Amino acid sequence: MLRIITQVAEAKTELRRICDRTHDDQIVHKEATVREVLQAVKRQGDKALLHYTAEFDGQIFTAEQLRVSGSELDAAYQQVSKELLDAIGLARQQIEAFHRQRIPKSWVQFGEDEIVLGKRYTPVDKAGLYVPGGRASYPSTVLMNAIPAKVAGVPRIVMVTPPGQGKTINAAVLVAAQEAGVQEIYRVGGAQAIAALAYGTETIPKVDVITGPGNIYVTLAKKLVYGAVGIDSLAGPSEVLVIADAAANPVYVAADMLAQAEHDPMAAAILLTTDAGLAKKVQLEVERQLENHPRRLLTEKAIAHYGLIVVVDSLNVAAELSNEFAPEHLELEVQEPWEILEKIRHAGAIFLGNSTPEAVGDYLAGPNHTLPTSGAARYASALGVETFMKHSSLIQYSPTALQKVSNAIQILAQAEGLPSHADSVRLRTEKPTDE
Ligand SMILES: NC(=O)c1ccc[n+]([C@@H]2O[C@H](COP(=O)([O-])OP(=O)(O)OC[C@H]3O[C@@H](n4cnc5c(N)ncnc54)[C@H](O)[C@@H]3O)[C@@H](O)[C@H]2O)c1
Ligand SMILES: N[C@H](CO)Cc1c[nH]c[nH+]1
Ligand SMILES: [Zn+2]
């Protein structure tokens, strides 16, 4: 049963424990496994991939079977209903429209003395998309990753996803990939898939940036390969933090908390409320909704370990606690959500009002659902078009402009003990001496 606590000091300790759940001491043994997997794939390529796919996913493949074939891609369309295809189409349209609004634009600025400064944005050459597939299949995550990569103009997009039962990947995942324009798909998941994208194997190309969410093994692997490749953010086990007042509906709040808890036994679901009566009702409602829940066992685990209700004195205290937690998803189920929004500083995505369940954002509102977790929203943001791009600075100086700053540069270079830096300017700007 969801715990209810009322002391702010105790709430802070508990929230810290939940926030740190993916990097606390108990994770050390998982990290050791992940390091071993990364090293093995780096050294042995496909051989290690196949070994770990057998060990962790219980599927035996040959290297030739890793890539999803054209006929399997075609066949996937026969297995999805018209309704599902239409829903994928609607989500694709809305996600694309949202992401097209924020394409980073190159710019140049012309200053005095013919100085030109600017930034030039270019996409990465190769992107690797991780689509989770252990405890659920995620066609929505395919769209959330592939669409921004396409909009950014990435020339080669590679997708990896766990093999699924009976060697076949979920048909909706394959259809979503094709609808988003991704054809190069490999059936491999977990840390081994991240290693393949980071280092390359005989079959899977090394990419420049890896994006996409995943469980603790995937998230630890992304953290460890960062540097060899770029990553989006640490988008690990899902989280929701709901701030609610007496205006909230306990049935909705409970459903929203369970909607994140059902992702993973390490998912987190937290309610901060000013209304002790609501706290009690949500606690009972969660139990009721769990009764016939098809994912009851894993959801109960998440609720037992990382579920919490805190009764607070004011919405200000709720905002303060929420900022310390920096949740992936924040729901403001309060009378005046725009008022409290001003006090919120850290959250991956914010859902305002009682008729905006977080699931709207998961599937088709448009903004990306790949979001930072475990406190990473303090410094990181949702995946976006810019995740697949980088910018080069542009600098052009005329002889007159260089002359004007020549002295200052030489003084700075001398202060750093770097004479060749000074010379590179002096030789261009000093007046020739008369013979
Ligand atoms: N933050 C976000 O934006 C976001 C979005 C969608 C989903 N998610 C999260 O993605 C995750 C999906 O998790 P999932 O498990 O369903 O799929 P997953 O694909 O992330 O993980 C499955 C893989 O984990 C590996 N694995 C499983 N047990 C292992 C073990 N004991 N040792 C080593 N490797 C092991 C297997 O290789 C398997 O293929 C959930 O935590 C969900 O909350 C997050
Ligand atoms: N809530 C997840 C992000 O934490 C995204 C998702 C996909 N499908 C359903 N939910
Ligand atoms: Zn979700």
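Each residue, glycine too, has its Cβ placed from N, Cα and C.
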Candidate from ASP113, ASP125, ASP208, ASP362 that TrEMBL assigns to the same Zn(2+) site as GLN260, HIS263, HIS421: ASP362
Same-site substrate binder from HIS99, HIS305, HIS329, given that TrEMBL records SER238, GLN260, HIS263, ASP362, GLU416, HIS421: HIS329
Other CB atoms within 10 A, centred on GLU328 (active site, proton acceptor): 31
GLN192 (NAD(+) binding site): tally of other CB atoms within 10 A of its CB: 28
Those recorded positions in TYR130, GLU328, ASP362, GLU416, HIS421 whose CB falls under 6 A of ligand 3, listed in sequence order: ASP362
Contacting binding-site residues for ligand 1, chosen from HIS329, ASP362, HIS421 when the Cβ sits under 6 angstroms of any of its atoms: none
Secondary structure of HIS263 (substrate binding site) (DSSP, helix/strand/coil): coil
Recorded positions clustered about SER238 (substrate binding site) [Cα within 10 Å; pool: TYR130, GLN192, ASN215, GLU328]: ASN215, GLU328
Neighbourhood of ASP362 (substrate binding site) by C-beta distance under 8 A, where only residues 6 or more apart in the same chain count: SER140, ALA259, HIS369
